[in-house]
Amino acid sequence: MDTPTLSVSADADAPVMLLTGDIARFNDETRDKYTKGQKIGEGTYAVVFKGHEKVTGRPVAIKKIKISSADDGMSLDSLREIKHLQELHHENIIELLDIFVGKRHNIHVVLEHLAGDLEGIIRDTKNFLFGSSEIKSWMAMSLRGLWWCHINGVLHRDIKPNNLLYTTNGVLKLADFGLARNFGEPGEVRMTAQVITRWYRPPELFFGARSYSSAVDVFSLGLVFAELIKRVPLLAGDSDVGQLQLIARTLGTPTESNWPGVSKLPSYVIPNADDVKPEADRAFYRMNFFSISQSGQDLMRFMLRLDPRKRISCRQALESEWFKEEPLPTKPENLPIKKDKEALEKVGQDLKRRAGFDERMDGGDLDVGNRGSKVARRLDFGAM
Amino acid sequence: MDNSGYILSTQNRHYSFTPTELSSLRKHTLELSLTPLASPPALTAHHTLKILTHYTLTLSKLCHHFGVPSAVRGTAITILHRLYLHLSPVTTHPKTLLLPILLLAMKTELGGTSISQFIRTAEEVGLSTTKKELQSPELMIAAGLRWSLTVRHPWRGLDGAMVVLIREFGDQEDARIRKASQKARQWLTGDCFMTDAGFLYTPSQLLWAALWAQDQELIDRYMKGRFSDEVAEKIKECADVFVFGTRKIAGCEEEAIRWGGAVNEKELVSEAKVGDRMVHLARKELDQGRKRAEEEALGREAEERERRKKKRKMEMEKMKADDVFGPAL
Ligand SMILES: Nc1ncnc2c1ncn2[C@@H]1O[C@H](COP(=O)(O)OP(=O)(O)O)[C@@H](O)[C@H]1O
């Protein structure tokens, strides 16, 4: 390459590049649209706050990315989440409302506020009972959200119950796009096989497939389907090797006969050589998932096929008889949901009040009040 | 003709313009950056666009040196031009952002890259940079892009278009279709970036314009009855204006637009230099002003700190005095 006529070098010790002019104004306007309230959760790379959109009063979740991007740049997780959610607008995908940079150079992602996730409901066997109609409704909504990702060329790559969130009206939303990426582009660069939480990861990824497709998400969702029925993860392996063995023992051993070409994948092994199993058939699903109808069992089987090319697409899944036959899917507003912490606290306070529990009669409160007034008097005096 | 996803895409919402909108946005951004100056130079949006076009060439050469795929090159160049719709070279010179932009394009298109490898590759062409220099502008760039990190490259639809054309005209036209498609790809991944076509047409209009420019007879036959007259007109306009560079858009004499046609590199460099001199003058004045403002702000802050320290000291003394005389009751 010729040396460019005008040199291309940045200032020697450039400070953090601040937002200026129009860019700063736009950022401030965006930030000023919201109020930031209490912390409501914390993930691996973000702290989440409750907030409100000032004009509408609409509750929002403000996700503050932990690492300041000032010197390290944007993490790939937040970059992917922002990149993809900006483009995906669908009833069953979490809505990204805005993004702004905070005073300490942390990225803040403003998302619609959601009430809880499916994991919370699946695990809470004491408080939640549900059957085919509810499961049908959750599955249909998940499939619709996932279908929209796929026709827009996006793989989610982390489908699992705690990434399936719902609104206070029971509407399900796919969330957490930190691992998502585009697919289906010709001349594609190879993709990493190190994605999807182990329990929901399809066999092709354990075999090191570098060009995979939307079928990876369908498999994960198939396992969520099974989990909604069983109320425990279907395949809870404790290591990658163990997980693959579990897949082979439960759903069948991947071989050239049920999956042509599988033996050519980079890390192909027969995980259970001493105990080779044929691919799980209708009888397996009938025995294990007897609480749903035949068409539901078929749907699950097609979602969990070993060979990714044989797995059905989201669109085909949505056309399944299962969604059309009785009992019909529950309307979202009638689905069970977990009350969020704030709602629970409010219920708690109402109960306390009803029981004649007055805060001012609480000894501790009285003490604090007293101390407070002492301090106040003294400061008043000092400022005189 | 675009799938439903396009309507709500950031590209359509934030980066789709009429020529007049595009050029007034550029003028507005430049004006904004010159307002603080007591004696602004005679810098116009035409000049800043020449500077930018010059650096587009540099960026493109850098991409070839880095050996990145067309998608990365296309995204990097698009980021540069999207960013400078809201940023003026007077505020931040494009030459300081070329490498950070390339890095960001690699991150969004390839899912990351090794920074040390990146720095070494830059060094091979005499560009020395550091991790900090590469990463510190990233937030400003992303915010300047309105956080739109997806670029919809028109050539991604080429394989699909080839399939429908072969289905329509049969195998006997196979060679002709392939040739048109190959040449269309060449333009879409090459000269197209030197123009503003990407801001003015949808990806699929660009794609069909590129094909039509290669084989008008065939593509005319295909479009007949399939595309509305309005859309077909738009496609032909795009080809005339941006692929051939044989006309401008009627009723639009805008200067702050990158029209089609061959770019004369020598001419470009000398024009860019004229603009660049003015940018440097403006920056100098701006920097002095900024320094003065910063010093003033620092001075004010120090004063304020001193004042608060004094006040606290007085309060503390009063409180101590209180204690000496017993509780204030
Ligand atoms: N949109 C949201 N609405 C309400 N709460 C949320 C929302 N997003 C995240 N949270 C809360 O914040 C926590 C952390 O979220 P996140 O950063 O996505 O982490 P992770 O995916 O690692 O759990 C979640 O467990 C949840 O309690």
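Glycine too: its Cβ is placed from the backbone N, Cα and C atoms.
Keep in mind that TrEMBL annotations are predicted by a computer and have not been checked by a curator.
Annotated features in TrEMBL:
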DOMAIN    A:34-323  domain 'Protein kinase'
BINDING   A:ILE40, A:GLY41, A:GLU42, A:GLY43, A:THR44, A:TYR45, A:ALA46, A:VAL47, A:VAL48, A:LYS63, A:LYS64  ATP binding site
ACT_SITE  A:ASP158  active site, proton acceptor
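Where TrEMBL records a feature, it is marked here on the structure.
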| residue | record | Cβ contacts under 8 Å, 6 or more apart |
| --- | --- | --- |
| A:GLU42 | ATP binding site | A:VAL48 |
| A:THR44 | ATP binding site | none |
| A:ALA46 | ATP binding site | A:LYS63, A:LYS64, A:ILE65, A:LYS66, A:SER78, A:VAL109 |
| A:ASP158 | active site, proton acceptor | A:ASP176, A:GLY178, A:LEU179, A:ALA180, A:VAL195, A:ILE196, A:THR197, A:TYR200, A:SER220 |
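Under 8 angstroms separates no C-beta among the binding-site residues A:GLU42, A:ALA46, A:VAL48, A:LYS64 from a C-beta of chain B. There are 17 other Cβ atoms within 10 Å of the Cβ belonging to A:VAL48 (ATP binding site). For the ATP site, whose binding residues are given in the record as A:ILE40, A:GLY41, A:GLU42, A:GLY43, A:THR44, A:TYR45, A:ALA46, A:VAL47, A:VAL48, A:LYS63, A:LYS64, the maximum C-alpha distance rounds to 14 Å. A:LYS64 (ATP binding site) is surrounded by 17 other CB atoms, counting those within 10 A of its CB over all protein chains shown. A coil conformation is recorded for the residue listed as 'active site, proton acceptor' in the three-state DSSP classification, outside any helix or strand.
Among the recorded positions A:ILE40, A:THR44, A:ALA46, A:VAL48, A:LYS64, A:ASP158, the ones whose Cβ sits under 6 Å from an atom of ligand 1 are, in sequence order, A:ILE40, A:THR44, A:ALA46, A:VAL48. Annotated ATP site A:ILE40, A:GLY41, A:GLU42, A:GLY43, A:THR44, A:TYR45, A:ALA46, A:VAL47, A:VAL48, A:LYS63, A:LYS64; additional same-chain residues within 8 Å of its Cβ mean position, judged by their own Cβ, are A:LYS66. Per-residue pLDDT, averaged along the domain 'Protein kinase' (A:34-323), amounts to 93 for this model.
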